[in-house]
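To start, the structure itself, in structure tokens.
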Amino acid sequence: MLEERENKEPAMNPFQKNESKETLFSPVSTEEVPPQPLSLPKKPTPKICGSNYPLSIAFIVVNEFCERFSYYGMKAVLTLYFLYFLHWNEDTSTSIYHAFSSLCYFTPILGAAIADSWLGKFKTIIYLSLVYVLGHVVKSLGALPILGGQMVHIVLSLVGLSLIALGTGGIKPCVAAFGGDQFEEKHAEERTRYFSVFYLSINAGSLISTFITPMLRGDVQCFGEDCYALAFGVPGLLMVIALVVFAMGSKIYRKPPPEGNIVTQVVKCIWFAISNRFNNRSGDFPKRQHWLDWAAEKYPKQLIMDVKALTRVLFLYIPLPMFWALLDQQGSRWTLQATRMNGNLGVFVLQPDQMQVLNPLLVLIFIPLFDLVIYRLVSKCGINLSSLRKMAVGMILASLAFAVAAAVEIKINRMTPPQPGPQEIFLRVLNLADDEVKVTVLGDENNTLLEESIRSFQKMPHYAQLHLKTKSQDSHFYLKYHNLSVYTKHPVEEKNWYSLIIREDGKNISSIMVKDEENKTTNGMTAVRFVNTLHKKVNISLAADISLSVGEDYGVSAYTTVQSGEYPAVHCRTEDKDFSLNMGLLDFGTTYLFVITNSTNQDPQAWKMKDIPANKLSIAWQLPQYALVTAGEVMFSVTGLEFSYSQAPSSMKSVLQAAWLLTVAVGNIIVLVVAQFSGLVQWAEFILFSCLLLVVCLIFSIMGYYYVPVKPEDLQKPADKQIPHTQGNMINLETKKTKL
């Protein structure tokens, strides 16, 4: 998240006297156009409690807090929504998650162009916030189980996410800069402090939302399952509040007019230089010192000099996307890993998607820790930790984080029941008859797949692994009960779990085959299902908002997720009788089967059996990998922007910010491609990313070794007096450290 938490750079203060204010994209015009004054209100700008702080910034800071709460809160539960609500597999869920993240970092280019060239910042924020709110509404509707089928949910979800990406990305370059516009030039110090508060609101919004929205999803039940509609609806409500609060300050805002976009000018300059060089490639034209000098016929010399300095820094940006590819997997692959771990920490139960709260929390701790302690200790030891070296160390830390994640994944796999592979099924036999039954399972060629005697209500410790000849076939079952032999067959398909339930029917026995479809997707929660041996339908109330019905005569319910804990008296009801079932302790991450049986002269009772044992590995084992990757983020992200800003002219800083956001977008695309096409098991994929980043780190180190840093004072010496005129105020976004 540090691409949004900015770091103040001491060497380059954008708020010095006669310098301009902050925005993501700095407007520059190559034509001589008279400067346009800011559209200031006629009356003096209202101040906060007699200070030099404009009252308008209060609306902007509250808006930013609510918007960041909205974005990160929605994104925190997104992967599990794909996996458990839309029923996509882990690779597809990861791919769509990172496609959405990538789009959120492409759209700021569009938002800046609209604001600087057409509508201005204020109208851009208002209009795109409306799009943002509409996206949340559509996304929340797509999470309502009662609204259409799966295809309707998928369409609504994708449309909603596209609108959210346009909204959040479109306003990203405008809000911070619009806040800077509210200050007069003589109040530069107050403006600097404002940005500290502004970025603190980003941290606060992300920290609180990534903790609360997973609780709304997991602790509240809607329509008998996790309440994704509420988890998306609350962030949507916060975005509505953000829009209303921002609009309330409309009459007191300073609203500078659109001034043109520097990114467009840079792209046009580069394109003209390339095309001009291509058109004049014959030997009749003299060679020029630099390929960008071919733009001299149309563009001022100062702009060309600035673009030259810019391209030197952009060359170092080439390896950067791989770092973001690892960092942004906290919300996808690492969250999926947490679903297979035990979130019960004793004091409270941590949801899998709540682990993401560690990132903003550790960022708030690590930024002052690194600045005030670690960097100073390293300096006193005589080690020159330059900016490029800090970035390389950040890459190494992120690589180590994924190596740790791979080790945790291997440990989880050793403690998790194996999954059926190709031409395999897992079978468990439940004998609900009153005496022992001998079960023989034969394949298509009468070969014996399983032969076992099972006592009445015997608890089977595990599933039996059966090999098939084809992907799907009929399995033949011979059941011997007393002197009675019963033959039956059931179709089975590879890679599935099955339970064969043997039931007594008078003096005869019969069997039913149940496909355990949900065995692998219990979301780290406690899951239960029921078999009803009574002759009447049973309605079961597991909690105030969780109830289900189980059909008579060996009806089997679907899995239902519940909170772990003691369930000594679960209320049940048939058409003529109320009774209670003692379900005992339900452990976290365990899947249970309960068989409701009739007892002579007593109420019906529940026979309890574990389908899947409890997750043994604590979710706390993810803490080292989160600590490593966040430390890497602090060293890489803060230092990267600080270094690149010090190496490029002030007029190019907005272009650097645009390029920086694009590296984040490309990094997410890398994850999308690997998730879809690698075909690796999860621990191997973690190792792949770790090794790729180490290779990229080596390449980056070689590039940095041959890079000759530019002194800040050299950038401030104009190469030519013909400096392009700027319309209005030039506005640049400087990185700032969040102050605690």
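Any Cβ shown, glycine's included, is placed from N, Cα and C.
Positions annotated as region 'Disordered' by TrEMBL: 1-39. The transmembrane segment annotation in TrEMBL covers 69-89, 95-115, 127-148, 154-175, 196-216, 228-248, 309-327, 357-378, 390-408, 658-680, 686-708.
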Among 69-89, 95-115, 228-248, 309-327, 357-378, the stretch with the most Cβ pairs under 8 Å to the transmembrane segment (658-680) is 95-115
Tertiary contacts of the transmembrane segment (154-175), defined by C-beta under 8 angstroms and 6+ residue spacing from its ends, are 4, 23-25, 60, 63-64, 67, 71, 74, 81, 86, 96, 100, 103-108, 110-112, 114-115, 121, 124-125, 128-129, 131-143, 147, 657, 661, 733
Establish whether the number of Cβ pairs under 8 Å between the transmembrane segment (127-148) and the transmembrane segment (686-708) reaches at least three, counting only pairs separated by 6 or more residues.
no
**Asked** When only pairs 6 or more apart in sequence are counted, do the transmembrane segment (228-248) and the transmembrane segment (69-89) reach 3 or more Cβ pairs under 8 Å?
**Response** yes
Spatial neighbours of the transmembrane segment (69-89) not adjacent in sequence (6+ beyond its ends, CB under 8 Å) are 1, 96-97, 100-101, 132, 136, 139, 143, 150, 153-154, 157, 164, 168, 205-206, 208-210, 212-214, 217, 225-226, 228, 231-232, 234-236, 238-239, 242, 331-332, 335-336, 339, 352-354, 356, 360, 521, 523
